[in-house]
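**Q** Encoded as structure tokens, here's the structure I'll be asking about.
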Amino acid sequence: MGFWNKIFGKSRPNPAEEKELLAAIDMNKLPMHIAIIMDGNGRWAARRGLPRAAGHRAGVESLRDIVKTCSSLGIKYLTVYAFSTENWKRPQEEVNILMDLLVEYLGKEMRELHQNNVKVRAIGRIEELPASAQKALSDAFELTGNNTGLTLTLALNYGGRLEIVEAVQKIAGEVLKGRLDLKAIDEKVVNEHLYTVGMPDPDLVIRPSGELRISNFLLWQMAYSELWYSPVLWPSFRKVHLLQAIIDFQKRQRRFGGL
Ligand code: FPP
């Protein structure tokens, strides 16, 4: 294994392969919304004898590459699982590193995201994040709020069950206040009370790192999503892997329960 391969795995760009994959994609049948469970940062670092923080830092590079790719392909929504409600159980030092990386990522990337017409959004209990993270997010929302290209949604302090519990609480509150009839509660009403209000459901959900789990991500929204798993660890995940996922997605027949 050469030096760069050892450090970065398969993460160096491969223009010839990218070109070939791009040619195989039907641009009229792109998924409208791609969601990604960014997993495997710790293992990526461990395999290289590096601290976990190095895996997370390398994971930010993958995020950068995938955001750029989605934006240039014309994908409308990309949602990434960056921090779950369960991730607080990690050592405080690792939690701090993840929060610092978020602030650093937004600080460094915000202008370029804005130039590329990307709109930054977040889902989860943002109000429980450290003040520095909340400030970086609100700056990003303010700068990019009117953009009309890719909507990049960061799932932060996010849990799918918690999102549903909160929606139930809000809906029950409206019923109690007499603003909503019990019989009027349908899927549309539930959708309108989720963090993802206004967003289409994900068409394609990608989980790298070989794990075959949903991990409390977008539970309601994933009802009819196509799932794509990859053994590649997130820090090695690049444009070619995303293109492979899209090609595979385009071969699938989506029936939404019909025939
Ligand atoms: C899972 O890998 C990944 C996370 C808990 C965090 C994802 C975060 C990033 C990709 C970087 C931060 C980006 C932003 C914008 C905050 P893991 O640590 O569970 O990996 P392992 O299962 O191999 O241990």
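Glycine is no exception: its Cβ is also placed from the backbone N, Cα and C atoms.
Here's the feature list from TrEMBL:
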| type | residues | note |
| --- | --- | --- |
| BINDING | Asp39, Glu226 | Mg(2+) binding site |
| ACT_SITE | Asp39 | active site |
| BINDING | 40-44, Arg52, His56, 84-86, Trp88, Arg90, Arg207, 213-215 | substrate binding site |
| ACT_SITE | Asn87 | active site, proton acceptor |
**Q** Can you tell me which of Gly40, Asn87, Trp88, Ile214, Glu226, our recorded positions, come within under 6 Å of ligand 1 at the Cβ?
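**A** Gly40, Asn87, by Cβ distance under 6 Å.
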**Q** Comparing the binding-site residues Gly40, Gly42, which residue's C-beta has the most other C-beta atoms within 10 angstroms in this structure?
**A** Gly40
**Q** Of the binding-site residues His56, Thr85, Trp88, Arg207, Ile214, which one sits closest to Asp39 (Mg(2+) binding site) when you measure Cα to Cα?
**A** Arg207
**Q** Using DSSP with the three-state reduction, classify Glu226 (Mg(2+) binding site) as helix, strand or coil.
**A** strand
**Q** Once the chains shown are all counted, how many other Cβ atoms turn up within 10 Å of the Cβ of Ile214 (substrate binding site)?
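**A** Around Ile214 (substrate binding site), other Cβ atoms within 10 Å: 15.
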**Q** Calculate the distance in Å between the alpha carbons (Cα) of Glu226 (Mg(2+) binding site) and Arg207 (substrate binding site), and round it to a whole number.
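**A** Taking the Cα atoms only, Glu226 (Mg(2+) binding site) lies 11 Å from Arg207 (substrate binding site).
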**Q** Validating a neighbour-count step here. Other CB atoms within 10 A of the CB of Arg207 (substrate binding site): how many?
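**A** Around Arg207 (substrate binding site), other Cβ atoms within 10 Å: 23.
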**Q** Say we define neighbours as other CB atoms within 10 Å of the CB. Which of the recorded positions Thr85, Asn87 has the fewest?
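**A** Counting other Cβ atoms within 10 Å of each of the recorded positions Thr85, Asn87 gives the minimum at Asn87.
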**Q** In sequence order, which residues at least six apart in the same chain have a CB under 8 Å from the CB of Trp88 (substrate binding site)?
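**A** Expected: Val95, Asn157.
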**Q** Indicate whether Arg207 (substrate binding site) is helix, strand or coil by DSSP.
**A** strand
**Q** Once the chains shown are all counted, how many other Cβ atoms turn up within 10 Å of the Cβ of Glu226 (Mg(2+) binding site)?
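**A** Taking every protein chain into account, the count is 19.
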